[in-house]
Amino acid sequence: MCSSIPSLREVFANDFRIGAAVNPVTLEAQQSLLIRHVNSLTAENHMKFEHLQPEEGRFTFDIAIKSSTSPFSSHGVRGHTLVWHNQTPSWVFQDSQGHFVGRDVLLERMKSHISTVVQRYKGKVYCWDVINEAVADEGSEWLRSSTWRQIIGDDFIQQAFLYAHEADPEALLFYNDYNECFPEKREKIYTLVKSLRDKGIPIHGIGMQAHWSLNRPTLDEIRAAIERYASLGVILHITELDISMFEFDDHRKDLAAPTNEMVERQAERYEQIFSLFKEYRDVIQNVTFWGIADDHTWLDHFPVQGRKNWPLLFDEQHNPKPAFWRVVNI
């Protein structure tokens, strides 16, 4: 079946790269899908700080590097992520007595990590999510409260971009976030990136995570976000796309399979979204799914632990869903 259906990466070859998030299990279990349908890979977790440098000075590149070796040697890699408030080991922020370090020490640790990691993958990783999810979700606060910000100050963001650019001047550098289409947060992200661009900080793009549902955000909200971000003169990547069968506040656990209505609505939704992406292909250069098939999705564990979800284009048996056919036939 896999070789007899259209290839996503070939269908959209003149529009944008097609990518998928992977881990050591899915690189094996979903290998045929990944080889045929995508030309960009993102490590789901294994390029995050806690995996690459669990202890100071001890780097563990062995697992992360698998995505850049045969049979995926022709696939580009999106680096994800260098600085984030989650999945960062406590030693990064503490001294030997368990007390918070000062600004200078933390900046040096940040620089050391970014320089080592970015230089290690130079030439293979074509872009990096340098900063992930630093903007506050709601309220008057502009930036999220985090230990990075608490110790260094608001300029921890610009410093990270400067360090990454120094380590690999050819790599494209991104700010990446979720809820990126809702107006309140959209404007905060816009303001952050504009402030960096105005200072001459090397930031080349915005990553729109695109963890969306059957109804939210609206197409008008998605379009408005794309146009607002594009007005800054930056590249846009769709970095973590999936379409949940459930709204975020829907916590039901009674479905063993999606209803026919859900499947049809998801197909319609994917068709509408990809039609929109194609309309803006001059600024959208990559569309990456957070997975490739429904047998492995983070949404099985969030926001409801242990509830099965079906957010991707291929089902649990790796067969194309109605959404797949709607997308490739746009």
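The backbone N, Cα and C atoms fix where each Cβ goes, and this holds for glycine too.
Listed in Swiss-Prot:
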DOMAIN    2-330  domain 'GH10'
ACT_SITE  Glu133  active site, proton donor
ACT_SITE  Glu240  active site, nucleophile
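Taking each Cβ in turn and tallying the other Cβ atoms within 10 Å, the top scorer among the active-site residues Glu133, Glu240 is Glu240. The two recorded residues, the residue listed as 'active site, proton donor' and Glu240 (active site, nucleophile), show a Cα separation of 13 Å. Mean model confidence for the domain 'GH10' (2-330) is a pLDDT of 94. Look at Glu133 (active site, proton donor): DSSP puts it in coil.
When secondary structure is read from DSSP and collapsed to three states, Glu240 (active site, nucleophile) falls in the strand class.
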